[in-house]
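What Swiss-Prot lists as Zn(2+) binding site is Cys184, Cys187, His200, Cys204, and the listing cites sequence analysis. As annotated by Swiss-Prot, compositional bias 'Polar residues' applies to 117-129. The feature domain 'SAP' is assigned by Swiss-Prot to 287-321, with sequence analysis given as support. Taken from Swiss-Prot, the feature region 'Disordered' applies to 109-162, 233-256.
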Amino acid sequence: MNLKDITDPSDFKTTKLPALAELDILKRCYICKDLLNAPVRTQCDHTYCSQCIREFLLRDNRCPLCKTEVFESGLKRDPLLEEIVISYASLRPHLLRLLEIEKVESKQEVDREKSANESASNGNRNVNNDVDETVRVKDQSNADELGEEKGQAQHGEQVNEQTTEVISLLSDDEENGSDSLVKCPICFERMELDVLQGKHIDDCLSGKSTKRTPTDILSPKAKRPKQITSFFKPTIDTKTPSPPTSKASTTPTATPTTTLLKANVSSPSPVAQSTVHKGKPLPKLDFSSLSTQKIKAKLSDLKLPTTGSRNEMEARYLHYYVIYNANLDSNHPVKESILRQQLKQWEMVQHQPSFGDAEWKGAETGNWKELIARARSN
């Protein structure tokens, strides 16, 4: 196994959401500290990997957490939790990547704010240096502005006279024709009733109406054909079938975040399709009541090797008994040939020569002396 494949809740401690480490811990087995694999629940409502708790119960029949007596026959599968853990395991690297991206972006924002503050402080220094020059320029421009203001005042008087005339006309029109003017319920503009019942309501509802100018209001009424807008007309049910909605239109638009989460994420199979297991669990043998020949016959029936001593054959059966029954607890069981391959690898590890503490110290003596010499030299 590659070291990069090893996960730990502390991976989230350096991200933008360090609290996700607690969520990661809840999805791990208390015995192996890895993400739950084929989780089962004990009678005391604690959850472990099926293989982990079965191997533990071979040595001790008490719960590792609360020390309550636990029986292997009372283990209950948790298929929903297994699918949740599988989904979380597939999303975990993408989640870490997204949180790391946000962390980098927030760091860039801090750098931009810092540079903006520095430029603002430099700008304040330049402003202080230019105050005297600005005062001199203003003194010179004041004389020119006095001449311009005289001309603008004369022009402003003419504009004010024209504006006063328009406002007075509008106010007179509102006072004299207040009985004939009505207010639009959409834009609250006052107008004649026939104008309101014409195209104005439709234009207001569709957003096409424009602001009426004083010229339009003050102009004499043109003879218009009396029309009733569709707003006041009774609705007629034509009973025309609506076109079927295409699936593409109802599909939500994918965002960069959802695209990243969907990339390389395989959706697990439904729980209902994977909870059916045809195999039967293997029984736990009482080796004290079985002869060596019967043990060999049991191994032969399971297509397992019958070589080695009696103790080796008993250990072989017990380990296969654990991984076989744990495989039945999984939503995604593997073939028996793969289980036999796992058993073979396990036996190879068990037959490796043991490396004691004394031998390890002797082999590493040279390295220890070199490290001590480096520490003293520093």
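Cβ coordinates are placed from backbone N, Cα and C, and glycine is handled just like the others.
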Exercise for the section: Sort out for me which one of Cys184, Cys187, His200, Cys204 has the most neighbouring CB atoms within 10 A, since those are the binding-site residues we care about. Expected result: His200
Exercise for the section: Work out, from DSSP, the number of helix, strand and coil residues along the domain 'SAP' (287-321). Expected result: 25 helix, 0 strand, 10 coil
